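A quick write-up on the structure given underneath.
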Amino acid sequence: MKRLSARALKLMLVLTGCNLVILLVSFTNLLGTSDNSNASVIESRAVGVTIIFVLLLFVLLMGDLLRRFILLRQQSESARERMHDAVESLPEAFALFAPGGRMLLCNSRWREVYPWMDNLEVERWDAFQEQLAPHILKREPVDSSRPGSETCIEHLDSGHAILANNSQTREGGMACVRTDITHTQRIEQKLRSLGRAMEQSPASVMITDIRGNIEYVNPKFCQVSGYSRDEALGQKADLLRSGEMPDQVYRELWATLERGEEWHGQLLNRRKDGSLFWESASISAVRDDQGFCHSYIAVKEDITQQKETEEQLKMIEAVFNTSNEAIMVADGNGLIKTINPAFTRITGYELDDVKGQNPSILSSGRHDAHFYDDMWQEIIRQGSWSGEIWNRRKNGSIFPEWLSVSVVRDSDGEIHEYVAVFSDITKRKNDEAQIVRQAYYDELTELPNRTLMSDRLNLAILTADRDEQVIALLFIDLDRFKYVNDSLGHEYGDDLLKQVSARLNDCVRDTDTVARFGGDEFVVLLHNIKSEGDASHVAQKLIDQISTPFNLSGREIIIGASIGIAMHPGDADTAEELIRNADLAMYKAKQSGRNQAHFFTATMQEHANQRMTLEQDLRHALSRDQLEVHYQPIIAGHSRRVQGVEALLRWRHPERGLIPPDQFIPLAEETGLIGEIGRWVLQTACAQLAEWRNQGHALYLSVNISERQRELSLDARQVEQVLQQHELTPGDLMLEITEGLLLQDSEETLRWLQGFKTLGVSLAIDDFGTGYSSLSYLKRFPVDTLKIDREFINDLDSDRYAQSLVKAIISMAASLDLRLVAEGVETEQQCQMLLDQQCELMQGFLFCRPLPAEALSDWLEQESETPALPPVSD
């Protein structure tokens, strides 16, 4: 105790003062007394007082010290208790060591951290360190900025992590603080793990504040979106919004979040590069302990490939369910697992009927075991097989199918499934048969066509050459078929062709071939005949059969047949040549009067070659100005004055000279050149008529037209344009048609001619009397002029039959109020006889030959007057 109390000090001062006073008094008395004895007494008294004073002082001091000690002890214990309570109240473990290393105090947390201390003598710092060392698994130093302080993390074998801080006190002791951070480290570890999980997450993570500003994105977000983290942070949550999703989706999203619920859905978003991608998103609010939302977290997964896969699966499912081809899936043992609707539709089996069954339930029995062995060997070896197979439906019917079987293997290469796809090819087989029939047979008559006939003919030639046989080819063209087809209609024409086919087949042997080449052309191949006589006999038989009347829906129809015959060996060595030569012979039969047969001859080939050359030259005749129009006057018999002219086409060939019309007009019609030539004739003749009219010659023009020109688009409109071009009237023109055209009695021909009549041009029947006309035809068609054929006029002065016939024609024309023109008048007697019968108009060599325009112009100049055309009543 360094200091005394104030009261003890005061007491000591008082006692000391009293002692000094006594000493002073004693000393004074001593000076004033000389008596030695008194001095001794006084000295003795002074010493006693001093001793008493000292003793008293000591007692007082000891009492005060004792009181002070007791007081200090009480204060010390109170302070200790307060310190203990304070140390105990610390959340950390605490221990205090004296400068010498002795532990002064520690709280209970210290013993909880170091539970083994109760059993060890660790009251000193060095002993504590020594005993602690084996229990520390790892020590991590922690930087501390406080001088004299040392901090580290001790990882104990108890599993705890202790934050240890040792700080030196001013007295040189050690204050130790221990904090158990095991839970904190675990939380931190979890947070670090969570952070790593978010950073390494295969899902895209985005965190926004409550205003939708992006606060965090993980690397996957950047990878998927194309935005870097710096680009994304601070942006709005709709950064990836594509604009392709309905607004309703986003309204529902926010409504869900506002209700405190988690939203799940799929979003079509847009990357930084503009490409679209699908994401599956889960978005929820992040709330604090009080339940207040302070951010939103979106966890998203790029499901673009999944969506594509889903679409593919949907497509595959749709294909599976809607495919017209049957699909069957079997397991590795070959037992049926599933089928599609087409399987049921084709076979009649439902899934419950076949599930777990072997596909052999479809076997038709038409294939042997070897067929199936080969099929399965190829399936196992190649992994697939395709081919045609016959199977049996549930109802027992057998049908052909095209089957494809494929193997599906697992990751180990073992067969996991078999997939069989097949289609009912019944229709295809029928179609193929139909195609074969169409390729080789005529659809209407079901006879072999040109292709099949050519094949059989080639084979027949080879067989004939090998076996030294004779074959004949008969080329048949029906006479008057076109008339039947045009006048009665195609239905009647088709019926006629069928009946003709049946009759042709009845006339030949089963070994012979009857074919239809198209239209009204038929070909008959006679195998292994003896001579031309056999071919001629069959040809006549065919003519007789075809000439026999046909019954078409109650109508009796008579036609004929022109037949050309070519033989092998002799006439040709190949099928093409044999057909061509038989065709040439057929044309000869037609030229010879029809309804007859002709054999091919070498001269026919010559004529054919000449005809081909002529056709080639004719194609260039117009462009080379080789065609000419000649004009023959039409004369009034009594006055011998010109009434009109007939335009007649001539071909002046540079090598062959002037070629007659009957040699090239049929060729022009056949090749279609008559269309262009006919227009040129009409244009040239009208231009010439206009010139003559300007010269004062009041003529009319007669021009020949044919039905072939109708087919080549000649009509009243074209004629009107030509007339207007040359300032002519329709009354200036007469169009001549053949009697054969009227005999066809078709509606198309009637409309064609009616168009000309409506225009106002005259219509004349040329060469009248050669086509067996009837009054009904003359009344039906809008003709106003008959031109008597020159054959009747030639015999008029010598043949009573001709005279009677001409007289009848003239009488008929008068009764029908028709104008008459006699052609081919060459003698005065013929002229007079016609005049006697009231036939006024004539033309012929008696008056003038056909002349070129220039020559006829000179001839007309010699005529003093040209009266007008006599009127004809309608």
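A Cβ is built for glycine as well, from the same backbone N, Cα and C atoms used for every other residue.
Curation plays no part in TrEMBL annotations; they are all automatic predictions.
Per TrEMBL, these features apply:
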- 12-32: transmembrane segment (TRANSMEM)
- 44-66: transmembrane segment (TRANSMEM)
- 190-235: domain 'PAS' (DOMAIN)
- 261-315: domain 'PAC' (DOMAIN)
- 312-358: domain 'PAS' (DOMAIN)
- 385-437: domain 'PAC' (DOMAIN)
- 469-602: domain 'GGDEF' (DOMAIN)
- 611-864: domain 'EAL' (DOMAIN)
Interface-richest range of 190-235, 469-602, 611-864 toward the domain 'PAC' (261-315), CB pairs under 8 Å: 190-235
Stretch-level contact, the domain 'GGDEF' (469-602) and the domain 'PAC' (385-437), CB cutoff 8 A, at least 3 pairs: no
Secondary structure content of the domain 'GGDEF' (469-602), with strand meaning DSSP E or B: 59 helix, 43 strand, 32 coil
Mean predicted confidence [pLDDT] for the domain 'PAS' (190-235): 88
Secondary structure tally of the domain 'PAC' (261-315) (DSSP, helix then strand then coil): 12 helix, 30 strand, 13 coil
